[in-house]
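Notes for the one structure printed next.
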Amino acid sequence: MFTPKSCAWQTRAGILHINGTDITTPNFIVGTARLAIPHLTPDHANQPPLAAVYAEDTWDKGGLVSACLNRSTLPLSSPLLLGAVRNPEMRPLKNKPNTDSAIAISTSQGSQMASMKDVSEFMNKLNPDIVVIPYDFPAQSPNSSSVGKNRVVKMTSRSLKWAKELYNSRPKESAFVAVTLPPQLQTSEYLNEVNTLCNSYCFNDGCETMTRLAADSAAPDASKLRISMFNSGKLSDVINDIAAGIDLVNVPLTQYADKGYALTVSFKNPGADKGFLNLYDDEFIADTSLLHNSGFMKGYIHHLLEAREMTAHVILQLHNTEILKQLFNEIQESITEGTFSTQAEKFKQAYETL
Amino acid sequence: MALQFEVVAKCSKSKARAAIMKLPRGPVSTPVFMPVGTQASLKGLTPQQLKDLGCEIFLNNTYHLGLRPGQEVLDKVGGAHEFQNWDRNILTDSGGFQMVSLLKLATITEDGVTFLSPHDNSPMLLTPEHSISLQNSIGSDIMMQLDDVVHTMTTGPRVEEAMWRSIRWLDRCIKANKHPDKQNLFAIIQGGLDLDLRVKCCAEMAARDTPGIAIGGLSGGEDKHQYCQVVSKCTDNLPENKPRYCMGVGYAEDLVVSVALGADMFDCVFPTRTARFGSALTKFGSINLRNAKYRDDSSPIEEGCGCLACKENIPKSYFHLSVGKDTVPAHLLTLHNTYYQLNLMRSVRQSIIDDKFEDFVNEFFSNLYPSKTYPDWAVQALKGVNIDLH
Ligand SMILES: [Zn+2]
């Protein structure tokens with residue numbers, strides 16, 4: 001169940017009840033690679049609030065690798081959001097177009113076709129808390145605006161067919177079913193149909209679409225959960241999404257650890273520094289001060305990065321998870337206190353580079 | 001001396017013994033396997049995870065820490081324990097072995113080991129004094145003397161020369177140790193495969209009364225029969241009341257047989273190195289999870305294993321899918337393999353305390369060799385200490 005504090009198309013706080021836990025919103029989602037959050041084994045207490053798992057990661061030449069799909073034996077302990085593909089519009093599959101019954105996916109062993117039956121099996125084996133239903137997108141188009149009129153008709157009917165099929169075969173416990181609303185599918189015909197199937201919406205370009213929908217009298221039900229999955233990865237865009245009224249936003253957590261960054265961002269007091277420490281920098285060689293609550297000296301993490309020891313990324317991933325949790329707590333507080341928009345401006349100015 | 005060694009039980013048949021080795025940062029139950037964290041970290045594990053596995057002591061390599069972060073930083077942060085947030089025991093090697101094995105151009109003189117700096121190829125000299133100075137800066141609870149390492153298969157006068165030089169270098173190391181009250185310096189027995197030299201070396205080293213003694217110059221590709229002969233000869237000639245450390249030994253069979261021959265401490269990079277290539281150690285031998293047969297296997301790595309991956313029933317299929325591509329399966333396999341090694345030694349120890357070591361050895365070998373065609377070296381070595389494999 002999702003209880004928003006406001007039903008308008010604007011910044012809002014809320015509470016998401018899933019799987020016996022309450023997740024306050026706005027909050028963040030972290031993408032997995034092959035069923036695990038990079039660097040984090042499930043025994044670490046500090047896990048992201050939600051993890052996104054993708055069907056395309058669990059395919060090989062022989063098809064769906066179903067023996068590893070069991071909710072209770074995943075190397076993951078966060079609540080799950082599940083999608084068929086990371087981004088339906090970012091696939092180099094010119095010679096393998098979608099069909100009425102299957103979506104083309106990129107796997108570690110090349111392009112494959114995943115039938116809706118396969119996707120349904122994946123979904124039912126993992127029994128996620130939120131399902132994002134895939135939509136049809138023509139592989140040839142370099143950008144979304146160039147989808148021809150006839151193709152939009154096919155895209156609409158095919159996406160609806162997939163949505164109905166997956167909705168009908170969804171695991172009973174799945175609390176949330178989200179359909180994505182790319183610009184081509186924002187027609188009243190499509191919205192009316194999916195409105196009965198889904199209880200949440202997923203946006204490709206959170207901010208833009210939401211602003212458009214807010215001005216549209218035929219806008220879909222604004223009390224539903226809103227998810228943004230494909231933002232640019234910049235923290236300023238994450239803030240823009242939240243400003244537009246997104247409840248759950250995808251955050252590129254892992255890229256920070258992989259670059260050797262320890263985040264220092266704050267929503268309450270932005271701008272004390274540039275928002276991160278690059279622990280690769282030689283200035284940290286003999287730095288004996290501890291990195292926040294990590295328990296580790298900055299000089300040690302610098303050493304591990306230089307020595308190419310994987311423990312560096314584990315420590316940074318844990319630290320950055322904590323900082324992002326803190327950031328979203330502060331965002332939630334500022335929404336409650338009515339200071340969000342002024343703080344958001346300060347935040348974006350302070351952390352331009354992030 | 002900052003080490004107390006209390007034997008708590010002895011096997012009534014073999015030379016195996018269970019003991020408690022009290023060190024500055026807590027007790028260590030022996031026989032013990034010590035994982036190797038070469039650069040002050042164990043391949044993706046946090047110190048807390050290592051503790052949760054029950055690890056009481058692990059290794060850092062002096063050569064690597066001397067290069068990075070370097071002695072100056074180690075002095076500034078107050079040593080390797082503070083540096084890596086590890087409050088249990090650390091053992092360091094002398095750095096000599098790493099130089100001889102990693103740097104082809106190392107040459108050995110009475111002064112020490114001369115090698116070309118990996119930074120700028122300038123000639124550098126590692127002396128016994130320098131090695132101890134580095135280990136003092138690291139602050140390890142057990143330090144190893146610099147020894148004159150010759151390849152295991154070397155024969156002739158060079159072996160004896162290296163043995164006597166190692167004895168002289170021990171004296172220099174003892175003299176150089178700034179913290180004998182908190183850092184325990186271990187001697188290393190040399191002498192190659194020549195049993196007479198080994199006996200002589202044992203007597204010389206024992207006379208110097210170091211807190212513990214290592215058996216060096218082995219696990220370099222020698223015949224396993226010869227390995228067992230040397231270990232057994234050394235344990236016969238070493239004092240009862242000191243820990244005996246077999247350096248670089250880590251295969252499960254070698255551990256079990258060496259314990260039977262009277263050794264107490266072991267270390268090896270193998271369990272963590274092999275994890276990164278997808279190999280999991282089990283009581284039935286090692287399995288490689290990249291093998292196609294595990295694609296559709298939904299069972300855990302080893303039923304009944306107490307590691308995180310097996311307790312959570314994470315399937316072999318997951319490892320097959322992700323190993324070599326992601327870090328999480330590597331971390332999980334490192335946890336599993338380290339747990340396997342530590343748990344093997346805990347089981348060995350308990351069986352000695354219960355005086356059921358012979359039964360344990362038999363069960364261990366029959367799991368590993370279901371057809372019961374055991375390797376001859378193990379059969380012979382165990383027979384030599386009154387244990388029959390049947
Ligand atoms: Zn295990």
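Cβ atoms are placed via backbone N, Cα and C, with glycine included.
Bear in mind that the values here come from a model prediction, so they are computed numbers and not experimental data.
From the candidate list B:Gln71, B:Gln190, B:Gln229, the residue TrEMBL records in the substrate site shared with B:Asp93, B:Ser94, B:Gly95, B:Gly96, B:Phe97, B:Asp147, B:Gly217 is B:Gln190.
The candidate list B:His320, B:His331, B:His336 contains one residue that TrEMBL assigns to the Zn(2+) site with B:Cys305, B:Cys307, B:Cys310, namely B:His336. Note on TrEMBL: of B:80-86, B:122-128, B:248-254, B:367-373, the range annotated with the feature region 'RNA binding' is B:248-254. The stretch that TrEMBL tags with region 'RNA binding', taken from the ranges B:37-41, B:272-276, B:282-286, is B:272-276. All protein chains shown were included, and the count of other CB atoms within 10 Å of the CB of B:Gln190 (substrate binding site) stands at 27. For the region 'RNA binding' (B:272-276), the residues of the chain that approach it from at least six positions outside its boundaries are 35-36, 42-43, 286, 330, 333-334, 336-338, judged by C-beta separation under 8 angstroms.
Checking the binding-site residues B:Asp93, B:Gly96, B:Gln190, B:Cys307, B:Cys310, B:His336 for a CB within less than 6 Å of any atom of ligand 1 leaves B:Cys307, B:Cys310, B:His336, listed in sequence order. Using Cα positions, the member of the recorded positions B:Asp267, B:Cys305, B:Cys307, B:Cys310, B:His336 nearest to B:Gly95 (substrate binding site) is identified as B:Asp267. Classification of B:Phe97 (substrate binding site) by DSSP places it within a helix. Cβ crowding, taken as the number of other Cβ atoms within 10 Å, peaks at B:Cys307 among the binding-site residues B:Cys305, B:Cys307. Checked against B:Cys310 (Zn(2+) binding site), the recorded positions B:Gly96, B:Phe97, B:Asp267 differ in C-alpha distance, with B:Asp267 being the nearest.
Reduced to three states, the DSSP call for B:Asp267 (active site, nucleophile) is strand. Cβ contacts within 10 Å of B:Ser94 (substrate binding site), excluding its own Cβ and spanning all protein chains shown: 30.
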